[in-house]
Amino acid sequence: MKGGPSLELYCNGHVGGCGVTDEVVQWMERIQNSGVDDDTPVSAAPTHTYHSLAAPSSQHPNSLRDDSTRNWDFHTYNKYSRAANTGEHSRVRRAAADEKIRNMCSLYIQTDPLIWRHIREGFPDHRDPHKKSEVDAKTREEILSLISHHVTAVNYIYRYTKFDGRKKEHRNIQFEVQRIKIDDDSLCTPHVFGSESNQFCLENIDVSNFLNLHSLGNHEDFCLAYVFTYRDFTGGTLGLAWVASASGASGGICEKYKTYTETTGGMYQSTKRSLNTGIITFVNYNSRVPPKVSQLTLAHEIGHNFGSPHDYPSECRPGGQEGNYIMFASATSGDRPNNSRFSTCSVGNISAVLDAVRDGRKRDCLKENAGAFCGNKIVEDGEECDCGYNEKECNDRCCYPRQLSNYDVERNSSAKGCQRRAHTQCSPSQGPCCNAQTCEFVSAVTNQTCREATECSHASFCSGRSAECPNPRAMNDHTKCNNGTQLCIKGECSGSICLAWNMKECFLSSSPTKIGDGVTAVVNRRALCQLACQTGPDPESCRSTAEFAHQVGLPTGGISLRPGSPCDNFQGYCDVFLKCRAVDAEGPLVRLKNLLLNRATLQTVQAWVTEQWWAVLLGGVALIVCMGAFVKCCAVHTPSSNPKRPPASVSAARAERSPHRAVRERIPAVIRDASRAEGLTVRARRGGAA
């Protein structure tokens, strides 16, 4: 068994607990420490299929900031593609020899049928059989845009973080998508017996089994491999990932596809897995997760892959107005300065893993960042279009794939990958306003909708001047959205309803507050899940909306936070019963130690012993008497450690009290024991020897 820090299950970085049991954590630890390196050829199919183990969303997606408190716009980077992404082969570019610029982590991203179904059903014509191909193309474009947004957001965070290790500096860490696989729901319908089905079609999979299912595939050609899904996991879990270790345990970035051993039903079973994996979901308590929260979730899970556990101790999870950092166990809303930064604890942990990668103690798969990667279906700088890696992936008649066919080379000797074909105006990979049949811009006369209206933005229509969809016109600021609990700000449902009353959203605290001389009041845990507002910067003016509901026209009881929302100054989350539950980032053993050995408990015990000294004395005497009686009654019935000694009997007990009889009975017993040991049969005769 290899050493190293124990693996933990890490989930979303903004709401709720991880929603996993101690048994799941122990299972993950056993898997992570049981890896066996081998150089035998491996296939993409797992050795065994593993089916066991049973295993909250903030609505405040305001602007994110980096270390310089600069606002990041994570929603202006729109990339589209119409390519049918069903390829199963994978590849990776060769790395440059210069170690100083090997800072790029290649990504494999797969989307499952549930997120396909959710996005597809958002289009009005999704039930029209005559528009199936059109709706499918829009669904792919939307999914590719979603992937592009999230990778761009993660790049902003990691690029400007300095992971300075003990030996080397690790700067400008970047991520590049090199393979995308979009699973539609065509394989989720009943098929002919014996046909292959997609295991991701199963809806009732808990978060640990879902990650395990993804890990059974061979992903060693990539730095990391992720699955995006739309599953409402138990306990508000938004993500899960394997954690890297600098001291030998398997898991995290660059991990190879190798054999791991586990015990199933009392029997050892060897299974090949890739532990450079993770998953995130976009739904939480039946509500779509805000974009910035899901982007921070992806950054959080990748942080685990790079070796950072949840932030600990308290110095690395300060809360308050600055907020908690990316690797906080939960309750990060995304609108505080620290929410898009790594704490010093996380920086140190990630730096240690990067040092191990550079020193050769862990596999190094980081590559040179050579700019745009042709073939990933995302149009990047320097590319006219990008329809996929080869003809199998590229269904675009307007664009050349990365790998040109002999037919294309014969017809056009100057053809290059990710360039438009001759006599074309655009490619559908550039945006939804390109006609896939004519390779021309969609005319404005057709009034074709390229982006549907939302609560905070109007619908967008193709302009006839570009393949990209024009930015939608935003609704007026302070328009109510999200069932009247938030306000529209610059086209996004991100503002607090408190702004409508010229107030600022705040948190009710569980800390006792003084209301008089020597009198304190403790806020009820249910009251902590009520929306609260304050006047100006004064935290003392923070009041629940239930207190002034009648003044602003709210229903009696005010507004409650949604299940999964942060509460108690980001130190907890609201469960489905709207009760604020504290974040458990320390584990059961640390929690028990703090309960028994904290200063307040010890002082309480000391005071009670001082006042009730006579009770302590009587208790000690009673304990001694009970122990003596126990020894007296049970000593003669205590079994011997000698395996050949017969069990104690009542006659043996009487022999202890009658020495003369014991002498007479002891000799035959010894003879019988010796006879058994020699394998002899002794027969007693009257008046004679045996």
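Just so you know, glycine gets a Cβ as well, placed from its N, Cα and C.
Whatever TrEMBL says is automated annotation, not expert-curated.
These features come from TrEMBL:
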DOMAIN    103-354  domain 'Peptidase M12B'
BINDING   HIS300, HIS304, HIS310  Zn(2+) binding site
ACT_SITE  GLU301  active site
DOMAIN    371-477  domain 'Disintegrin'
REGION    638-662  region 'Disordered'
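Residue counts for the domain 'Disintegrin' (371-477) under DSSP, helix first, then strand, then coil, are 12 helix, 11 strand, 84 coil. Mapped onto three states, the DSSP output places HIS310 (Zn(2+) binding site) in coil. Between the CA atoms of GLU301 (active site) and HIS310 (Zn(2+) binding site) there is a gap of 10 Å, rounded to the nearest whole number. Averaged over the domain 'Disintegrin' (371-477), the predicted model has a pLDDT of 91. Around the Cβ of HIS300 (Zn(2+) binding site), 31 further Cβ atoms fall within 10 Å across all displayed protein chains.
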